[in-house]
């Protein structure tokens, strides 16, 4: 007689046992993986940090020396956009609303909530990395602002007010750091299409916040450019420091986040699938005529 047992010969699975892939409970530890060695990523992050910081330094030199092309670009863009905002109330209101939603306080609150959630599920290093992006970004922003002390654009009829030095744009820097950090958190768990969508939305959001600062006449274009460059420097530099402090911990936390969230996402998806309603008791099958349950009983 042919063997109808689907279990391959030599398998250690015993009759009556359920395979681990069918269990709904979560294991005690995340599965071991083969992440890329953290040291292999350090040159990339270091290059981002050093390259963007160097470009920001060059930009500062051009600003301080009053380089003609950059000065004309700053004044030309600022004057043109201020004229548009002054004569278009709807445009001004839209820019003010957008810049309020992208304020540094809101951006850093978002990162703080993300860090708190990561800490709660046990991804402590990833939580510290997320919080450090917000804190280091805030510190670098104000250190450069105080050191450079660049005046903001001045208008006889301003459409918005802003305090503090101009360089770099704090709104732009906070929005860029927040967008990049959130994309980095989503990246390992996303497919190619989702990654493209997240990068597009994050980049567009950071660019839009920077544009609102120009449209409202509270920053020069070079302030916004400096905010983007310093944001890249903070992102890369903070990542390098965390990788050197705790090698491999970020990769382990990424796997831990996947392991913690996947069963919950699957349970939510399963609960959203509609199932047909079943009766409390099975219906009686009709029997032959003349017997209980048959058509003859209805006469």
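A Cβ is built for glycine as well, from the same backbone N, Cα and C atoms used for every other residue.
Quick look at what TrEMBL lists:
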REGION    1-38  region 'Disordered'
COMPBIAS  28-38  compositional bias 'Pro residues'
TRANSMEM  45-67  transmembrane segment
TRANSMEM  105-122  transmembrane segment
DOMAIN    126-239  domain 'Phosphatidic acid phosphatase type 2/haloperoxidase'
TRANSMEM  168-187  transmembrane segment
TRANSMEM  196-216  transmembrane segment
TRANSMEM  228-246  transmembrane segment
REGION    271-299  region 'Disordered'
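With a cut-off of 8 Å between Cβ atoms, the residues of this chain six or more beyond the transmembrane segment (45-67) that come close are 148, 150, 167-168, 222, 225-226, 229-230, 232-233, 235-237, 239-240, 243.
Residues of the same chain lying 6 or more positions beyond the ends of the transmembrane segment (228-246) and with a Cβ under 8 Å from any Cβ of it are 38-39, 41-42, 45-50, 52-53, 55-56, 59, 125, 128-129, 132-133, 136-137, 140-141, 144, 168, 172-173, 176-177, 180-181, 206, 210. Helix, strand and coil counts under DSSP for the domain 'Phosphatidic acid phosphatase type 2/haloperoxidase' (126-239) come to 86 helix, 0 strand, 28 coil.
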